[in-house]
Each structure stands twice: as structure tokens, then as C-alpha cells.
Amino acid sequence: MKKRLQTFLFWFILIQPFLDIYWLSRPPLLKFSLPSILRVLGVFIAIILFFSIKSNWQRLKKQWWIITYIAILILYSLCHLFSVKNFTGVDPTSFGYSTKVEIFYLIRACLPLIVIYITSYSDFKTKYFFRVIQAISGLYSLTIVISNLLVFSLTSYHTTGAEQISANIFSWFAQTNYPFNALASKGIFFQANTLSAILFMIMPIMLYILYKEFNLLNIVLVSAQALAMLMLGTKVGNFGLIISLVIFLIIFLFHSLILKNTKFSAKFLITLICILAASSAIFPYSPTLRRSSLENGVAQKRSNLGDKNRLDQELDSRLKRYKGQKQEEYLKNFIKKNYWVYSLKNDLVLDHYSYKNDPYYWLDVMKRPATERLNYRHLEQDILSRVMNNDKNKLNKLFGISFSRENNIAPLERDFLAQYYSMGLLGTILLTVIYIFVLGYGIFYWLVNKNSKTLLISSLLLSGGFILFAAFYAGNVLEYLSATLVMAFILGFLLQNIRYSRTAKKLMK
């Protein structure tokens, strides 16, 4: 039965790139995407296979801390559902809250935690772990590279429509007028930031595989992954590539020259330096660096075209003249006609947090400097804070305002903070900070246990650290099972190897 579990885990994690294909998530099935439904079913099957092994039941009965955690999580979920149902806000639709969506989200949020636990006790063999990571790297990276070269890749900065890039990587080095979002590529996949975080996460493991199995296939895979991370045109992809290469280089030298528990490999070192040098040479031409200058230019152009100074004077004059309901109606009409002059994000002001429901909030935003109006992440956080504070429910800080509302109002591109607004402080600790705890557990035993100071465990720790950093910095990670299930598989494998090293058990070959 353990062999069946290992085989199922192998294929279940390996198919995640296929479930990440853009068109499978559009349109969703019964409000839930087909990939999410398949992932729930997959984890359910893994649970059945895992507990079909008698020793796993016996172990769980002794793990009182796991049973206590599950009980607290169930109690939290019930309190969360009760709290978010009694919500009041300025939107008459309650910002699209749905109990069904909320329950499904709570189930979804638990899936990676289950995968961590199951993987950690699956005795998953290292060579098969390598094959899964190689397959994920190849499926994502080669798809992005080939689709970019043949100019049929989807653009990284569109998730509401399947828009293709305008030119391939060779146009980066020519003087072209293409905007950054016409050149950034995500292949045929759904979310570029999520994909960037996945590749950032698995790069240390791919480099370790290249070190252990130095051959042409792995050189091609690592090189393709480096190129794909540049083609994505995201900060996580571009800066993450350079960061991962440099840090792994340092870790490799630390293990081989200082700890002396890893054999030095000149051919691996030369290959790594060549990939780093090539990546650094291409990096300045990446679409990422075109983005900030373009956005600032657009804001200035809109201000000039719409004659912002004249509109400011007109707005101040009319607000002083009108009072009460007439003032509010004038303000709504003004925002509707002129929001673009102030570079306000149209979906935020027209739909997610409509000017019709809170025009005076948007008046305050319009008076802010252009840099603040263009900082959409800060603006989204500001809106969520306003929504949470407008509702007088004191339990919001503990239980959140619900995933449904947070996602419909302003899906915040900064994980942990996004979970705070949707799930509250308790939910954030139970459902997301737990990943940091697992990583911290691994770091602790790496520091205190000599047997844990291996290059493999260091690579796994880097992998977990990279994706959690990407989650905090750029978001769009912890809400996507395509990232969290792979992360859970890696963290579970980390815990397995930590346990082996603690018991002086030889790592599986």
C-alpha cells in the first residue's frame, strides 16, 4: 500500500502544471475551477491511501499535537463562518459573499497542510523526488521558452483575457515601441506571479540535481528555467533568478570548502557561473525594467491630456457650492467621467469598491500624489482596511471579513496580509504561518544537528524560504494550489529528511 501511495503522490504532484493551464480556469465550474475540484479529489484519495496503512493510524493516535491542531482548526472554521455572515458594509450585495465559496476555500486551504503531513511519512525516495521536480521544471520552462520563441505565448500581465505577446525575446535587444506587457511571457499558464514563485522555489533543487547528476539534460533544464524566469517579466521571476543562483553558489562553496561535507565539483561551479553570467547579461533587457518608467509616463500623459489642474479647481469649487445629497451626486458623476485622469484603476473604482457606494473615499484618493495613486497594492490594502473598519464587528481582526469579500473587493497581492483580511489573525496563524513554523523547524535542526547539515537539506530549506519570501513580497502564491501543493510536497520531503537525519537513518537513495 505504501508503494501505491508513493506512486499516487508522484503523479499527483507531477500533473500540477497541466492543471495550471489557463483555459481550465476560465470559466469556472459552479463557481469553483475544475483544477481546484480535481485537486480536492486528489488529496482525498491520498488520505485514503495513507490511512489504509495501519501504522499511520497508530502514529496519528499518539500525535496529540496534530489532533489538537485539527480540533482548533475545526472550531476556528465554525467561528469564522458565523462571524463573516454577520457583516455590514456600504455595498448592498455584501461584496458578493457566498457561504459555499467560503467553505470550499477553507477546505482548499487545508489541502497543502495535509500533503505536508502525508509526504513527510511516505518514505518518498530521493530519486523519484528528483524526477518530479525535473518534470515540473521542464513542463513549465520549456513551454514558456518555446511559446515565446514562436510568439504564441500568453502575456504575463493579463488574467481576464487570453492575449498573446507581440514579439519574442529577440525584440528585447532592439529599439522597439512594445510596452512591457506585450513582451512578458507566461506560456499557456494562468498566473505569472504564481508561476514565477514556483520556478523561484524549485531553482535551488534543480541546481542540486544538476550537481548530483551532472549531464546534458539537467544543464538544458536549468538553462531553460533561467531563461523562462526572465521571459516571465515579473520581479519575482527576474530578481528571484539572480538571487537563487547567487545564494546557491554561496551555499555550495560553504558546504564544499568550509563544512567539507560535499565534494567540490569544478565543472558544476563553472556551469553555474556561466548560467549566472548569461542571466545577468540578459536581465537589463527584460520587460521588468521597462514597467516602472512606462507607468510613470502614462500617469503624466493622462494628467496632461485630461487637464488635471483645471479639474482640481473645478472640483474644489463645486464641492464648496453644493451640500448634502446634491454634493454627493455631483461627486459621483465627476468620478465616473474623470477617474482615468487621476490614473485610478478602473476595476477598483467602477466595480470592486464602487465610487457609487463610497464617493468620498475616492475623493480622498484623488487628492493623493500620483505615486500613491499608482501604488495599487497599497491602495488595495487601504480599501480592505476601510471595509474592515466600516463594519463594527470587533471579531473581524480575529476571524477576517471572508475570502469571498477580500477576493471580490481587492485581491491583495501580498500574502499573509491578504489572509489577515480574509481569515483574520487566527486564520492566518493556523493556515499560513504554519508554513513558516515548518521551515523554522527545519532550520532549527539544520543548526543543532550535524547530520542535517547536508547540501540536499540546505537546498530544500532555500526552496521553502524562497517561495514564502515571494508570497510576502509579491503575493499570488498562498491562494493558488498550483504553488502550495508543490511547496507542501517539498516541505513534506524536507521533514522526512530531517527525521531521517535525527534518527541517524541513512537517507534513501
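From the backbone N, Cα and C atoms, a Cβ is placed for every residue, glycine too.
According to TrEMBL, the protein carries these features:
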type	residues	note
TRANSMEM	7-24	transmembrane segment
TRANSMEM	36-53	transmembrane segment
TRANSMEM	65-83	transmembrane segment
TRANSMEM	103-121	transmembrane segment
TRANSMEM	128-151	transmembrane segment
TRANSMEM	188-209	transmembrane segment
TRANSMEM	216-233	transmembrane segment
TRANSMEM	239-259	transmembrane segment
TRANSMEM	266-285	transmembrane segment
TRANSMEM	420-448	transmembrane segment
TRANSMEM	455-474	transmembrane segment
TRANSMEM	480-500	transmembrane segment
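Here the transmembrane segment (128-151) touches the transmembrane segment (188-209). Their Cβ atoms form 3 or more pairs under 8 Å, with each pair 6 or more residues apart. Counted over residue pairs separated by six or more positions, the transmembrane segment (188-209) shares at least 3 Cβ pairs under 8 angstroms with the transmembrane segment (239-259), which defines the two as touching. Scored by C-beta pairs under 8 angstroms, the transmembrane segment (36-53) has its highest count with 103-121, from the stretches 7-24, 103-121, 420-448, 455-474, 480-500. Long-range contacts of the transmembrane segment (455-474) within its own chain (CB-CB distance under 8 A, at least 6 residues past either end) are made by residues 126, 193, 196-198, 200-205, 207-208, 211, 234-236, 240, 243-244, 247-248, 251-252, 255, 261-262, 413-416, 435-436, 438-439, 442-443, 446, 483, 487, 490-491, 493-494, 497-498, 501, 507. Counted over residue pairs separated by six or more positions, the transmembrane segment (420-448) shares at least 3 Cβ pairs under 8 angstroms with the transmembrane segment (103-121), which defines the two as touching. Of the ranges 65-83, 239-259, 480-500, the one with the most Cβ pairs under 8 Å to the transmembrane segment (7-24) is 480-500. With a threshold of 8 Å between CB atoms, the same-chain residues lying at least 6 positions outside the transmembrane segment (239-259) that come near it are 196-197, 199-200, 203-204, 207-208, 211, 226, 229-230, 265, 268-269, 272-273, 275-276, 279-280, 283, 288, 453-455, 458-459, 462, 466, 470. Same-chain residues lying 6 or more positions outside the transmembrane segment (480-500) and placing a CB less than 8 Å from one of its CB atoms are 9, 13, 16-17, 19-20, 35-36, 39, 108, 111-124, 129, 132, 136, 190-191, 194-195, 197-198, 201-202, 205, 435, 438-439, 441-442, 445, 449, 452, 454, 456-457, 460-461, 463-464, 467, 506-508.
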